[in-house]
Amino acid sequence: MAVAVQEAVRDGAPSAAPPADGVPAPSRRRWGPRRGLETLLVYLVMPVGLLALWQIASDLGWISAYLLPPPSRAATGFWEIATDGTLWLHVKASLFRSIAGFLIATSIAVPLGVLVGWSPLFRRLSHITLLLLIPIPITAWISIAIVWFGIGDASAVFLVALGAAVPILINTIHGVEWVEPIYIEAARMLGTGPRQILWRIVLPAALPNIFTGLRLGLRNSWAGLVVAEMIGAKSGVGYLIWDARLMMRSDLVIVGMMMVGVLGLVSDQTMSWLGHRLLRWHEGLSRND
């Protein structure tokens, strides 16, 4: 009987024998269309409820429509600038600057973080410099960015890259530093050289932290982008918000804010999806994240 059960398990067939402790084995969670629809509905409960309360409070006069226009008025403003193409021109400009700044930040912060985390000498040399530069907020760089690059894409991309680079750099450094020393020592005992240890052990082990930094950097890039476009650009969602404020169009201000939220959400979930696909082996990545 035991041999038959072992053969059935080996061949992938379910065993009829109950577990030894009498507790049934947990079934694997199914992620079919119905499950996905239920999850989506749960996620939509709060935002839809908040919009409904917002609309009701505005209709009852509890909230001034001048100071905070109701969702219905914001939807009208959205339709106005979406149909004439104005909104999509601003979205296109913001997407270009966000992607360009994020790619520049990644190409600089990841190699620099690996170097700082891997080389004790470079870590000591750069320690004070990083401690001085990292706390400086993006807004403090706006004047210098405009002086260096003028008003336009270059200054906005520069500020986006600065905002995204900080979390990418910090998480990359920590990811390299926190690799279990026993793995490195075991590789050295087997005669593995420093370069192979870095590429085959340290970097794969640091990838989860690096991806966390990339995701945080992408979030920061949108915050930096809005600030940059409000002052140092003539297009983009941030400029749309600033221009709407000058025209006393609070409905378009709400539309711009919502577009930033939607674009940030889409980019964040895209990065999360990419991380789950590339780092399936890492148990620290939550499926529900």
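Note that Cβ sites are derived from N, Cα and C of the backbone, with glycine treated the same way.
Not measured: the values here are computed from a predicted model.
The feature region 'Disordered' is assigned by TrEMBL to 7-29.
Marked as compositional bias 'Low complexity' by TrEMBL: 11-26.
What TrEMBL records for 37-57 (among others) is transmembrane segment.
Here TrEMBL flags 91-271 as domain 'ABC transmembrane type-1'.
The transmembrane segment annotation in TrEMBL covers 95-118 (among others). The list of residues near the transmembrane segment (95-118) in space but at least 6 beyond its ends in sequence, with Cβ under 8 angstroms from a Cβ of it, reads 126, 130, 153, 156-166, 168-177, 198, 202-203, 206, 210, 213-214, 217-218, 221-222, 224-225, 228-229, 233, 236, 263, 267.
Summarising the annotation, TrEMBL assigns transmembrane segment to 130-151 (among others).
Taken from TrEMBL, the feature transmembrane segment applies to 157-176 (among others).
Residues or ranges marked as transmembrane segment by TrEMBL: 254-274 (among others). Within the chain carrying the transmembrane segment (254-274), a Cβ under 8 angstroms from the stretch's Cβ atoms is held by residues 68-69, 74, 77-78, 81, 87, 90-91, 94-95, 98, 211, 214-215, 218-219, 222, 226, 237-238, 240-241, 244, 289, all 6 or more beyond its ends.
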